[in-house]
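Quick look at what TrEMBL lists:
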type     : residues  : note
COMPBIAS : A:26-38   : compositional bias 'Basic residues'
COMPBIAS : A:67-90   : compositional bias 'Low complexity'
DOMAIN   : A:747-836 : domain 'Smr'
REGION   : A:26-98   : region 'Disordered'
REPEAT   : A:227-261 : repeat 'PPR'
REPEAT   : A:262-297 : repeat 'PPR'
REPEAT   : A:298-332 : repeat 'PPR'
REPEAT   : A:333-367 : repeat 'PPR'
REPEAT   : A:368-402 : repeat 'PPR'
REPEAT   : A:403-437 : repeat 'PPR'
REPEAT   : A:438-472 : repeat 'PPR'
REPEAT   : A:473-507 : repeat 'PPR'
REPEAT   : A:508-542 : repeat 'PPR'
Amino acid sequence: MASSTPPPHYTLTTSKPYENHHFHHLQNHHQRNQRHNHPWTSQKVSLHRSSQTQPTQNAAKPPTPGPTTTTTTAPLSRNSNFPSLSSSKSELAADFSGRRSTRFVSKMHFGRPKTASTSRHTSTAEEALQQAVRCSGDDKCIDNILRSFESKLCGVDDYTFLLRELGNRREWSMAIRCFEFAIRREKRRNELGKLASSMISILGRLGKVDLAKKVFDDAVKEGYGNTVYAYSALISAYAKSGYCAEAIRVFETMKDSGLKPNLVTYNALIDACGKGGADFRRASGIFDEMLRNGVQPDRITYNSLLAVCSGAGLWDTARSLFSEMVYRGIDQDIYTYNTLLDVACNGGHIDVAFEIMVEMTTKNILPNEVTYSTMIRGCAKAGRLDRALSLFNEMKYVGIKLDRVSYNTLLGIYASLGMFEEALNVGKEMESIGIKKDVVTYNALLDGFGKQGMYDKVKELFLEMKSEHLLPNLLTYSILISVYSNGGLYWEATVVYREFKQQGLKADVVFYSKLIDALCKKGLVESSALLLDEMMKEGIQPNVVTYNSIINAFGQSETTECAADGESQIDHSPLMVLEDVAESKTEDTEQDRIVNIFEQLAADKSCHATIDTRGGQEILCVLGIFQKMHELNIKPNVVTFSAILNACSRCSSFEEASLLLEELRLFDNQVYGVARGLLMGDRANVWVQALSLFDDVKQMDSSTASAFYNALTDMLWHFGQKRGAQLVVLEGKRRHVWENTWSDSCLDLHLMSSGAARAMVHAWLLNIRSVVFEGHELPKLLSILTGWGKHSKIVGDGTLKRAIEALLSGMGAPFRVAKCNIGRFISTGAVVAAWLRESGTLKVLVLQDDRTHPPETMRIDHVSNFQTLPL
DNA sequence: ACTTAGAGCT
C-alpha cells in the first residue's frame with residue numbers, strides 16, 4: 001500500500017555543485033530557441049497608451065519591485081538567464097492569481113513519524129498532553145495540568161512537544177497558555193528563542209497569523225526573538241495566510257536587523273509567493289538573490305517554485321524547472337510530482353499528466369491520495385468524467401484510502417454536473433467511514449444545487465450545515481449571494497449578505513468578481529460598475545477575471561435597468577454612471593452600499609423597461625473599462641481576448657467592432673494581427689501567425705481554448721468571413737479543441753458556438769458528400785448533435801439548436817429533429833446521399849465570403865491609422 | 001527551533 005508519508009528524499013545538491021557556465025549556456029540557448037519560435041511575442045506593444053516610449057516586450061509587465069531583481073549583473077542571475085521561463089511564452093495565461101481554498105487550511109504534523117532522533121520529549125509530556133486534550137474547551141484547565149506536571153517536565157523539548165501536539169489538535173489557545181507558562185519558567189535566551197519560533201510556526205499553521213506576529217513582537221521585545229528561526233517562522237506564517245507582501249516586508253526587516261537569511265528563510269519566502277499568487281518573476285527574483293548570497297537551493301526550493309507556476313498557470317516554466325532540478329542533481333519527491341501534476345492538470349495537459357504519473361511510479365515515488373485527487377480534478381476539469389471515476393476505482397484498487405479531500409473532490413464533480421443523487425451518496429459514503437461533511441462539502445452542494453436553480457434545496461442545505469455547527473465561510477456566502485443574484489432573488493441575496501457582514505467576514509476579489517459576473521450575466525452592467533467601484537473603495541484590487549466579466553456583459557443586456565429615483569439617470573450613459581460613482585458623495589456612510597444595490601435591484605425587479613436606452617453608448621462604457629485596465633496595469637489573458645471578440649460579434653456595426661479591435665491591438669499585437677487579418681480576408685498572409693497563436697492557445701485548458709476558437713469563428717462569421725471562419729474551425733478540429741466531434745455518422749456540435757457550429761456543418765456535409773461521390777455508402781443513420789445549450793460557453797439555451805435548424809432548412813438539408821432527443825438532428829444515409837447528389841447542393845455547401853462589409857471600407861475607417869502608429 | 005503538494009472567480 002502506498003504510504004501518504006514516504007521517507008524523505010535527501011537532496012544531493014550540496015554534494016553536487018553544478019557547473020555554472022554550462023548551465024548558463026544551456027539556458028541561453030533555450031531562450032533563443034523560444035524567441036525564434038515566437039517571433040510575434042517580441043512585437044508586443046506597450047500597455048500604456050500614453051507612453052509609447054517603452055516599446056520593449058517587458059512594457060506589459062508590472063514593474064518588478066526591489067533592487068534585487070532589476071539590474072542583475074551577478075553570474076547566477078535568473079533574471080537575465082531565465083526570462084524564457086516566464087516572459088516569452090505564456091503571455092496568454094496572464095495572471096489568474098488563482099488561489100486555493102486550502103490556503104488557510106494548515107497541514108498539521110499529523111502522522112509524521114517522529115524519528116528517534118527528533119523525539120526528545122519525555123513520557124511525562126505525553127501524559128500531560130493526554131490530560132490536556134481531555135479538557136478541550138477549558139483553557140484554564142491546561143494551567144492546572146501544567147502546574148501539576150511542572151516538576152517532571154523536562155525543559156524546552158517537552159514544552160515544544162506539547163505546543164506542537166496541541167497545535168495539531170487545533171487547540172491554539174491552550175497552546176498559547178502552554179507557551180506562556182513555559183517562557184515564565186525559562187531564563188536561557190536560546191531556549192526562549194526555541195519556544196518562540198515553535199509557537200510562531202504553530203500559530204502560522206493554524207492560520208492565526210496575527211497571533212503569530214504578536215508572539216514574534218513580544219519575543220523581539222524581550223530579547224530572544226531576533227533569530228533567523230523566528231523570522232523564518234513568521235515569514236512562513238504570512239505565507240500560509242496568503243500574505244505575500246507582508247512576508248517580503250518581514251524578510252526586509254530581517255535583513256535590516258543584520259540577520260542572514262538561510263535556506264529555510266528563502267524557501268518560506270518563495271512559498272509565500274506561490275500562496276500569495278505572486279508573479280513568477282517575484283519568486284524568480286528571490287531565487288536569484290539566494291544564489292547571489294551563496295545559499296544553494298534544495299528540493300523544497302524547487303518544489304515551492306513549482307507551486308508558484310501552479311498558481312500562475314505556467315506549465316512550460318514548470319517543465320523547465322523540473323529539468324533544471326534534474327540537471328542540478330536534486331532529487332524529486334512526492335511533493336515535486338504532485339505539484340508538477342497540478343500544473344499539468346491546470347493547464348489541461350491531462351495526457352501528459354498520466355505519463356508523469358507513470359514516470360513517478362517507475363521512480364518508486366508512489367502516487368498517494370494527493371496525487372489522485374489532483375488527477376481526478378484535472379480529468380473532471382477536462383470534461384473527462386469517465387477517467388475521473390476510473391481513477392477513483394483505481395485508488396480503491398491499489399489500496400489508497402479516500403480522505404476528506406478525495407471525497408470532497410468526487411462530491412464536487414457530481415454536484416457541479418447536477419448529478420445530485422450521486423453527490424449525496426458520496427456524502428453518505430464519506431460519513432459512513434467517519435468523515436463528517438465539512439464546509440467544503442456543503443459549499444460544493446450549495447453551488448451545484450444553486451446553479452440548477454434549486455433554491456429550496458439551497459435553503460435547506462444552508463440550514464442543515466448550520467445545524468451541524470459548521471461555520472459558513474467566505475466562499476459559502478459568496479456562493480449563496482451569487483446564486484440568489486443569478487436567480488434574481490435579490491431579497492434573499494440581501495439577507496445573506498447582511499449575515500455575511502454580521503459574521504465579520506471580509507469580501508475579497510473572488511467574492512466581488514463572482515458577484516459582478518452574476519450581475520453582468522443579467523445585463524446589469526450599471527450595478528456591476530457600482531460594485532466595481534465599491535470593491536476598489538474597500539481597497540480590493542479587481543483582477544483580470546473581474547474585468548473579463550464586465551467585458552462579457554457588453555451587448556448582452558436583455559433588460560434595461562430602471563432608474564432608481566425616476567429622474568436624471570435615464571440620460572446617463574453607462575460611462576457617466578461610472579464617473580459619477582467614482583466621485584459620489586457618501587452621504588449615507590452608515591448604510592452598506594452593497595445592501596443598497598441589492599435593495600434597489602429587489603425593488604426594480606418588477607419594472608423591466610423593454611427599450612434599451614443605451615444605444616451606442618454602451619460601447620463607451622466598455623472602452624472606459626479598457627481604459628481602467630490599462631491604468632491599473634491589469635494584464636489581459638486569453639479570456640479577455642475571447643471576450644473582446646465576442647463583443648465584436650454582438651456589434652451591430654463594423655465601426656463599433658473596429659473600436660473594440662483597436663483595444664485588442666493595444667493589448668496584444670499577435671492576437672490583433674490574426675483577428676484583423678482573418679477579418680480582412682487576408683488569410684494567405686496571416687495564417688502562419690494564426691498557427692503560432694493557435695499553438696499558444698493550445699497551452700490553455702480545453703474549455704478556455706475552445707472558447708477562444710468559438711469567439712474568433714463567431715466574429716468572422718458575423719462579419720461574413722465565412723471561409724475564414726471555416727478555416728479556423730477546421731484547424732480547431734485538427735487540434736482536438738472540441739474533443740471528438742466528427743465521424744461519418746455523427747457530428748457533435750454541443751461545445752461549439754453558433755458560428756463555429758455552422759461553419760462546421762458545412763465542412764462536415766462537404767466531407768460526407770465526397771464519401772458519396774467516391775462511391776461509398778453512408779451509414780444508415782446520420783446525426784448532428786447540438787446538445788441543450790448548457791455546455792456552451794457563450795450560447796444560451798437552445799440558441800445553437802435554432803441556428804443549426806435554420807441553417808439546415810435554409811440549405812434544404814433533409815435533417816429532422818429526433819423524437820427522443822430534441823438536441824439531435826437525424827436523417828438516413830440514403831436520403832442524405834440523394835440530396836448530396838442533387839445538382840444544386842454543392843453550391844449551398846461551399847461557403848462564400850459575404851462582402852456586405854468589404855474590407856476596403858474598413859481600411860478607410862480605422863485600419864490605416866493603425867498601421868501608421870509606431871510599434 | 002524555522003520551509004514544500006490536492007477541494008473557490010470569467
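Using N, Cα and C of the backbone, Cβ positions are placed for all residues, glycine too.
Cβ atoms under 8 Å from those of the repeat 'PPR' (A:438-472) belong to residues 101, 404, 407-408, 411-412, 414-418, 420, 423-424, 427, 430, 479-480, 482-484, 486-487, 489, 492, 503 of the same chain, restricted to positions at least 6 beyond its ends. Averaged over the repeat 'PPR' (A:403-437), the predicted model reaches a pLDDT of 95. Residue counts of the repeat 'PPR' (A:438-472) by helix, strand and coil are 26 helix, 0 strand, 9 coil (DSSP-based). For the repeat 'PPR' (A:508-542), the number of residues in each DSSP class (helix H, G, I; strand E, B; coil) is 26 helix, 0 strand, 9 coil.
Through the fold, the repeat 'PPR' (A:368-402) approaches residues 1-4, 6, 334, 337-338, 341-342, 344-346, 348, 350, 353-354, 357, 360, 409-410, 413, 416-417, 430, 433, 701-703, 739 of its own chain, all at least 6 residues removed from its boundaries and within a Cβ separation under 8 Å. Note: the domain 'Smr' (A:747-836) comprises 41 helix, 14 strand, 35 coil (DSSP; helix = H, G, I, strand = E, B).
Helix, strand and coil content of the repeat 'PPR' (A:403-437), in residues and according to DSSP, is 26 helix, 0 strand, 9 coil.
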